[in-house]
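**Student:** Mind having a look at this structure? Questions to follow.
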2 protein chains.
Amino acid sequence: MELWYTEKQTENYGITVKITNTLHTEKTEFQDLAMIETLQWGKMLVLDGMVMTTDKDEFVYHEMITHLAMNTHPNPKTALVVGGGDGGAIREILKYPSIEKAVLAEIDGRVIEVSREYLPQIAGKLDDPRVDVQVVDGIKYIHDNKDSFDVILVDSTEPVGPAVGLFARDFYQGIFEALKEDGIMVAQTESPFFNADLITRVYKDIAAIYPVTRYYTAAIPTYPSGLWSFTMGSKKYDPLEVDESKLIDPEGTKYYHKGMHKSVFNVPKFVMELLK
Amino acid sequence: MELWYTEKQTENYGITVKITNTLHTEKTEFQDLAMIETLQWGKMLVLDGMVMTTDKDEFVYHEMITHLAMNTHPNPKTALVVGGGDGGAIREILKYPSIEKAVLAEIDGRVIEVSREYLPQIAGKLDDPRVDVQVVDGIKYIHDNKDSFDVILVDSTEPVGPAVGLFARDFYQGIFEALKEDGIMVAQTESPFFNADLITRVYKDIAAIYPVTRYYTAAIPTYPSGLWSFTMGSKKYDPLEVDESKLIDPEGTKYYHKGMHKSVFNVPKFVMELLK
């Protein structure tokens, strides 16, 4: 008997993966949560039927949501991850020696607990003494912590269910206020192939608030279309203007290296058109 | 009733796409050929159960196999495409005003004919007077045409069945001899996520023959893992050393633009490791 898990990434298209086991399934207060064991990608965390992360390709997303902002800021001491309950972005943030405090603001505590149990190589750094794990609505946390962070990463699920508010202009304004005067934010902003309208809107919203707005992509096999995007809003520092000799090569990365720090912003032409 | 076509890209992973119709299926002399109508990607050409091209994302592959070589050569007059029976690479080659002759050497004439019928926006330029369509074994064609081409593109299927010989070191040596003294070749070289061993071997083989060897990637949603790669062997010109003011922006592209001409070679770190 063969068991396959199929995710419909759109109404008419999806990925399918052979599984050996469902390790855990539950309905949390916020969403359907599943941890499944797959042959191709190792363990796979699925929320509301959408692949969030896998053992084998998680490095792309976690490195790429983190290092463009962290390596652009010259001295990041405080960072906040909104969402990101699997702990992967926190793990990457801690690779910067300057970091003193990294806060995880995840609304669904069950995502954190299940990730700690099944994905220790991703979630293990949540136990670092510099990390403050908060089970809280990110929108409320942002509101209550003004002028506090050098870097804020919006590591959200897709813009349905609990994450809808994390794609709203008011939220990017709230992040602006929670950042210090030279802070940088990065939000995951879906697939250029499948989410063109959302990308155009979010880019426009962020550009209306932040002096520097940049957009880049990364290849994530288990995410819809395989091409994913991130939008950066920065109060002062421009990733395209950094002194490359000051960039670091964060330890143990598999996707990001400082040689790509500027080139990732050279996105395909049809994607450039979305940002006009 | 819903009809879905599923391609197993590996033993344990695949894509699945809703179809409305099978427009054409046949067993040619060389392979199983199917043209299917999908809701997500438009018409889809499938050879031996592997997606070759689709209406909606063909532009990525065809632009990216073509423009890095064509735009690096200062004055490409003659070009050869080995494989590529759908005509997409030929269409892109013809965007260079310097081109006088573009040869298509495709072993399976049925691929050309079915593409002409169902994919006219891809295959239509095969009727251009500068194009010479040859239904022939590419290996034989290369052998019979020494010192003849400025640019040669190896637009092959996967390295099974009729295309096995197109991934062999002898073939890259033959291409070297079919190129003029300052010629450039590019071969499609599969997915860095799924074909690591092949990429390492082909890169080493090409680097042993060509003075300049370069490797780059592009995001193609319907190809295995979504991240695809190309290996360039060049007798003289280095794409990283071209004068950017001399690059052209080929007409009507949707992925390639001259701004990415050098940055596409800044591949992810795990991919760099494959090339060592």
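Quick reminder: no glycine exception, Cβ is built from N, Cα and C everywhere.
These came from TrEMBL, pasted as-is:
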- A:ASP155: active site, proton acceptor (ACT_SITE)
- A:GLN31, A:GLU106, A:ASP137, A:GLY138, A:PRO162: S-methyl-5'-thioadenosine binding site (BINDING)
- A:HIS62, A:ASP86, A:ASP155, A:SER156, A:THR157, A:GLU158: spermidine binding site (BINDING)
- A:2-235: domain 'PABS' (DOMAIN)
**Student:** For the recorded S-methyl-5'-thioadenosine site formed by A:GLN31, A:GLU106, A:ASP137, A:GLY138, A:PRO162, which further same-chain residues have Cβ atoms within 8 Å of the site's Cβ center?
**Tutor:** A:PHE30, A:GLY83, A:ILE107, A:ASP108, A:ALA163
**Student:** Give the three-state DSSP assignment (helix, strand or coil) for A:GLN31 (S-methyl-5'-thioadenosine binding site).
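**Tutor:** DSSP call for A:GLN31 (S-methyl-5'-thioadenosine binding site): coil, neither helix nor strand.
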**Student:** Among the binding-site residues A:ASP86, A:GLU106, A:ASP137, A:GLU158, which residue has the largest number of other Cβ atoms within 10 Å of its own Cβ?
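**Tutor:** Neighbour-count leader: A:ASP86.
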**Student:** With an 8 Å cut-off on Cβ-Cβ distance and a minimum sequence separation of at least 6, pull the same-chain contacts of A:THR157 (spermidine binding site), or say none.
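**Tutor:** Same-chain residues close to A:THR157 (spermidine binding site) (Cβ under 8 Å, separated by 6 or more) are A:GLN31, A:LEU47, A:ASP48, A:MET50, A:MET52, A:GLY83, A:ALA163.
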**Student:** For A:GLN31 (S-methyl-5'-thioadenosine binding site), just count the other CB atoms lying within 10 A of its CB, please.
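**Tutor:** That number is 21.
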**Student:** Between A:SER156 (spermidine binding site) and A:PRO162 (S-methyl-5'-thioadenosine binding site), how far is it from one CA atom to the other, in Å?
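**Tutor:** Cα-Cα distance, A:SER156 (spermidine binding site) to A:PRO162 (S-methyl-5'-thioadenosine binding site): 9 Å.
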**Student:** Determine, to the nearest whole angstrom, how far the Cα atom of A:PRO162 (S-methyl-5'-thioadenosine binding site) is from the Cα atom of the residue listed as 'active site, proton acceptor'.
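**Tutor:** It is 13 Å, counting Cα to Cα.
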**Student:** Near chain B by Cβ (under 8 Å): which of the recorded positions A:ASP155, A:SER156, A:THR157, A:GLU158, A:PRO162?
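**Tutor:** Near chain B, no listed recorded positions qualify.
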**Student:** Of A:GLY138, A:PRO162, which of the binding-site residues has the most Cβ neighbours inside 10 Å?
**Tutor:** A:GLY138
**Student:** Please average pLDDT over the domain 'PABS' (A:2-235) for the predicted structure.
**Tutor:** 97
